[in-house]
Amino acid sequence: MSETTASFMGRPILMRHKRFGFYRPTAFCIANAITDIPIVMLQVTCFSLILYFMSGLQHDAGKFFTFWIIVNAETLCFVQLFRAVGAMFNHFGLASYISGLLSTIFFVYGGYLIPFSKMHPWFRWIFYLNPGAYAFESLMTNEFQGLQLECVAPQYIPFGGSYDNQSQEFRGCTVLGSDDSGMIDGVTYVNQQYDYSVGHIWRGFGIIVAFWIFLIGLTALGFELRNSHGGSSVLLYKRGARTQKISDLEKEAGRKSDRSVQLSSQATRQSTFSWHNLDYYVQYQGAQKQLLNQVFGFVQPGNLVALMGCSGAGKTTLLDVLAQRKDAGEIRGSILIDGKPQGISFQRMTGDCEQMDVHEATSTVKEALIFSAVLRQPRDIPHTEKIAYVDHIIELLELEDICDALIG
């Protein structure tokens, strides 16, 4: 059932990749189902080695591997079932409810708690739609095939007292599948008790595989259809704020007027930012540990540079070092602006967005910028000038439409 939760957790990323044209959700679903196979095989192998022999099932290689492959197929099928439920619903609460309901129904109508012959005729169709029912039939017939059991008291009629010394021909065994000698044939027992047949072992396996393939297609269909309707957000504006959208003509006029305005040196300066042979060491458990090793790079004016790498590669550490955010540790190498070392005004000239930056959810975009400007700029700069610079930054970034929108 955890696959239902995983489907919702990965949905925003999958939707974004679909929108950017990276790959289709169908390809993701197929790849996800294929990568499940080795993981499930390893888990089922550990489970089977413990359960099979601890339960005292028949020590036969053929029966063990039949048990193993059927449990593998059944596990893959139910993993895909709960993944399909997560893909077909937009709301996590409803998907969780459906997952729990299906688990209960399939467990009750799997053929063990209620044999097929004892099921209410109105609900027997659930048995045919339950992959667990086919797995249970295959496992039962696989285990009871070739099994001979001896009937013992109190399954004999009559039994007790002097009857225990009587010959078998004067007593009868009440267990289904028993013969006159008191022996119970396993195949006959499961056939009369559960209406199972030995010939259905591999038929059930094939049906489970067919269910698995069908559920993969259902999951892909759910992601293809549902993702296009999800992920939308609503902007909430501060009460009393003007939210009128600026027309394209007004925006173009604003851009032309901005070109004629003499921008401050902080906004107009075109500098090349570079770093060479950058090393970073920290003290860890009494020893010196190196987090950055001979890193170099540069950023040209007007260009956007992306740092890509797996988790723990050092992307955040590198950015913190470049932004002079590291108070502890030892930094070696050179960080240059136009070939010259960083000055004391470097932090005032640049902005650094933390990976886990904290913002007050009830403040607006403009209020957050004002808060940052008031704290960053020197005290001798008038407050009106700081507000004017914030307005200029909002125009420069074209945030006029959402400057009064709440962050949270």
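Placement of Cβ uses the backbone N, Cα and C atoms for every residue, glycine included.
Source: prediction; values computed, not measured.
Here is what TrEMBL says about this protein:
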type	residues	note
DOMAIN	5-144	domain 'ABC-2 type transporter transmembrane'
TRANSMEM	21-53	transmembrane segment
TRANSMEM	65-82	transmembrane segment
TRANSMEM	94-114	transmembrane segment
DOMAIN	157-244	domain 'CDR ABC transporter'
TRANSMEM	201-223	transmembrane segment
DOMAIN	298-403	domain 'ABC transporter'
Average model confidence [pLDDT] within the domain 'ABC transporter' (298-403): 83
Which of 65-82, 94-114, 201-223 shares the most C-beta pairs under 8 angstroms with the transmembrane segment (21-53)? 65-82
Tally of residues which DSSP labels helix, strand or coil - the domain 'ABC transporter' (298-403): 41 helix, 13 strand, 52 coil
Summarise the domain 'ABC-2 type transporter transmembrane' (5-144) as counts of helix, strand and coil residues per DSSP. 114 helix, 0 strand, 26 coil
